[in-house]
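Trainee: Below you'll find the structure I mean.
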Amino acid sequence: MRGTQLANEPDFTEADFQRVRRIAQEEAGIHFPESKSTLVYSRVSRRVRETGHTSFRAYLDSVQAPDGRAEMENLICALTTNVTNFFREKNHFVHLEEVVIPAMAARVRAGGRGRIWSAACSTGQEPWSIAMSIMTAFPDAASHDVRVLATDINSQVVAQAATGIYPEEETEAIPPNKKSQFMEPYGQGILRFGGSICRLPAFRVLNLNATWPMKGMFSAIFCRNVVIYFDEATREHLWRRLADKLEPGGFLYVGHSERVATKNECGLEQIAPTIYRKDH
Ligand SMILES: C[S@@+](CC[C@H](N)C(=O)[O-])C[C@H]1O[C@@H](n2cnc3c(N)ncnc32)[C@H](O)[C@@H]1O
């Protein structure tokens, strides 16, 4: 793909690929291996065309110009992979409903607060699943100080997540009793979350590899299927920062192919293949 130019396709050289790789690493901590040039080309070439450029070089010059910040954000959005689903890795939600939320409910009813973080929330299926689990195990949660912080670097998916609106065929993984309790029809073949569950999630744009504004601690953090795009040093640094944001005894859920290599240094104990508990 590199060094070629198809009819009406923007020119893409080896130098352009290396430049996109550097931008992805510096701006988002996303590491594209040398083998991913076709993927990078297909994701970025659309932005190149849509912004009226005929070469990657001219496009990247404009992105890195002093007034290129807005397009830099579009470029980062184009480079992210946003695949997700409701109740993905179901065992995490069973653990959440059986272990985390009952303990949180007891603390919250005694005047405390309950916080859970979906740290790479994509189009929202993960934080909305967390909210459904909270409402199932703690039905009056929305009238207490309970929140699900839902963040992602991609502002477009965060905006979509915040609507709580999904095509019906994308809601198949939601158990029928939860779907009928928490979702309502919103036009032909479309459902949306409705009622008090909508008070739980708070959606924000946040780069996991930048500074975080949150001051409080979390009872559980979902950081799943995102560090696979980071290099090892970035991954282990992030695990350490996430462990620091967990309350003593709090839980970190990771993706099925992810591991915390430095768990002992992070004060984390692995209690299941993809579930870690912070030391008391
Ligand atoms: C494959 S999705 C995972 C969604 C969800 N956690 C799940 O497991 O279904 C990965 C998400 O990570 C986000 N992401 C990538 N780099 C990020 C970064 N540096 N900070 C925050 N989010 C990031 C992407 O925008 C994307 O939405």
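Even glycines carry a Cβ here, placed using N, Cα and C.
Nobody curates TrEMBL annotations by hand; they come from automatic prediction.
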Trainee: Pick the one from Glu50, Glu126, Glu265 that TrEMBL also lists for the S-adenosyl-L-methionine site with Asn82, Thr84, Arg88, Asp152, Asn207, Leu208, Arg224, Asn225.
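Mentor: Looking through Glu50, Glu126, Glu265, the residue TrEMBL assigns to the S-adenosyl-L-methionine site is Glu126.
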Trainee: Looking at the binding-site residues Asn82, Asn225, which sits with the largest number of other Cβ atoms within 10 Å of its Cβ?
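Mentor: Sorting the candidates by Cβ neighbours within 10 Å, the top entry is Asn225.
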Trainee: Could you give the mean pLDDT over the domain 'CheR-type methyltransferase' (5-280), rounded to a whole number?
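Mentor: Across the residues of the domain 'CheR-type methyltransferase' (5-280) the model's pLDDT averages 97 on the 0 to 100 scale.
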Trainee: Give the number of CB atoms, excluding that of Leu208 (S-adenosyl-L-methionine binding site) itself, located within 10 Å of its CB.
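Mentor: Its Cβ has 20 other Cβ atoms within 10 Å.
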Trainee: At a 10 A cut-off on CB-CB distances, which of the binding-site residues Arg88, Asp152 has the highest count?
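Mentor: In terms of Cβ crowding, the pick is Asp152.
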Trainee: How big is the S-adenosyl-L-methionine site in terms of the longest C-alpha to C-alpha distance among Asn82, Thr84, Arg88, Glu126, Asp152, Asn207, Leu208, Arg224, Asn225, in angstrom?
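Mentor: Largest pairwise Cα separation, rounded: 22 Å.
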